[in-house]
């Protein structure tokens with residue numbers, strides 16, 4: 001059995017720099033489990049490593065997908081395990097880094113056994129969202145599965161709807177099925193979880209969003225507006241600008257929403273990694 005090092009922690013905590021530092025010391029290759037960074041064109045808003053950082057060590061799963069690709073956690077599990085095996089076959093170590101905890105869980109333990117959902121239930125949830133909006137799904141999920149409600153990205157309609165579908169189809173909380181698909185791997189994962197005082201983390205988040213705006217985030221989002229319907233574009237840092245481009249809010253409001261939603265996202269990440 002061999003060991004993989006995983007750098008975890010909330011957004012803006014310095015994971016990329018730490019992973020590159022370790023990779024340089026060990027001559028390792030970096031495997032990302034940040035699902036927001038999988039997509040080409042979403043560079044500034046996802047804080048992808050710079051060209052200089054990418055040149056320090058080989059990186060995998062950075063910008064490897066078109067923005068309209070459908071790519072599941074199961075797809076990532078399959079591809080990441082194959083990638084890790086190839087890196088090991090080259091005689092090199094692997095450093096995992098990212099903030100998408102579910103994707104790290106897939107590498108480490110495998111996917112959970114989630115019950116099937118009938119087309120009727122999917123239609124029921126879809127019609128509820130169409131009729132009453134995402135907020136209605138959020139309220140129902142809070143009632144059916146308060147534990148998962150506290151962890152999930154409530155602004156991600158796909159994840160909220162999926163959890164609610166399972167709750168309604170099975171009559172059990174979605175969270176009760178998590179951890180049911182654990183498999184033995186030929187490796188163990190050693191985690192290095194980066195933690196910062198909350199006030200310092202929030203200050204770093206605000207400063208990073210300001211820096212992104214200076215780097216051209218608004219132009220990046222505008223160039224991707226034809227793909228606004230894609231799941232990838234529901235990410236924090238992109239969806240907040242839709243109302244600005246539609247003339248519903250001012251730019252300053254959109255930027256403040258990005259900061260607020262990023263802080264909320266960081267809180268969920270802290271909770272996730274603290275319980276793993």
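Heads up, the Cβ atoms here are built off N, Cα and C, so glycines get one too.
Here TrEMBL gives region 'Interaction with substrate tRNA' for one range in the set 34-37, 38-41, 42-45, 46-49: that range is 34-37. Panel annotation: around the region 'Interaction with substrate tRNA' (34-37), residues 46-48, 61-63, 76, 97-100, 103, 232, 235 of the same chain, lying at least six beyond its termini, place a Cβ under 8 Å from a Cβ of the stretch.
Between the CA atoms of residue 12 (ATP binding site) and residue 122 (site 'Interaction with substrate tRNA') there is a gap of 36 Å. Across the region 'Interaction with substrate tRNA' (34-37), DSSP assigns 3 helix, 0 strand, 1 coil. Highlighted in sequence order, 99, 194 have their Cβ within 8 Å of the centre of the Cβ atoms of 9, 10, 11, 12, 13, 14, 15, 16, the residues recorded for ATP, and are not part of that set.
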